[in-house]
Structure formats: structure tokens, C-alpha cells
Amino acid sequence: MHLSLARSAGLMWLLLFAVGNFVGVQPGQITRDVDNGQLADNRRNLQSLRKPMTLFKSLNKRVSCGEYCGDYGDCPSSCPTCTSNLLKCM
């Protein structure tokens, strides 16, 4: 009984250290700055890797003032008139 308890405790310690090496801060992620001795965090900022997403792509593709508006007059509300001779939003 005591042998199995000791064996279980040893296995738990082994697993704890093995998992500890893979989870959390990896070596080299947090280093000491040479100039001032402060700790520096070298981990990648995952927030900066995200790309902004839009649900309404058609809103980004609208024509702005002074650009070609086509035959249908698809101008934004800031300059709603499509000139017939130039086909530009004014």
C-alpha cells in the first residue's frame, strides 16, 4: 500500500514538471533588459495578429465624391448626385 502511494506521488510530480514545461512561459519569452535591468516580455502579442473584419463589405466599396458612378448612380449620401455628362458623383 505504501509503495503504490509513493509511486503515485512520484508519478504526479513527474507529470507536474512535464506539463509545466509545455504550459505557461516558455524559456526566452521573458528576459532581462541589458541597459536598465528591467524584465522585458518578449511574448508575441496575439491581439496584433488579428485582422479587422467587416460584415458589410459593400459599404466599403461605395463610390466617393468625384469618382465614377456608373449608369445606376450609386453615389454615397454625402454627394448623392451622379452627373449625366461626366458620370461622376457630385
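One-based numbering along the chain as shown.
Keep in mind that glycine also has a Cβ here, set from the backbone N, Cα and C atoms.
Per Swiss-Prot, these features apply:
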- 1-27: signal peptide (SIGNAL)
- E67: 4-carboxyglutamate (MOD_RES)
- P76: 4-hydroxyproline (MOD_RES)
- P80: 4-hydroxyproline (MOD_RES)
Separation of alpha carbons, the residue listed as '4-carboxyglutamate' and P80 (4-hydroxyproline) (Å): 12
Other CB atoms, at most 10 A from the CB of P80 (4-hydroxyproline): 12
Rounded Cα separation (Å) that holds between P76 (4-hydroxyproline) and the residue listed as '4-carboxyglutamate': 11
P76 (4-hydroxyproline) CB neighbourhood, other CB atoms within 10 A: 14
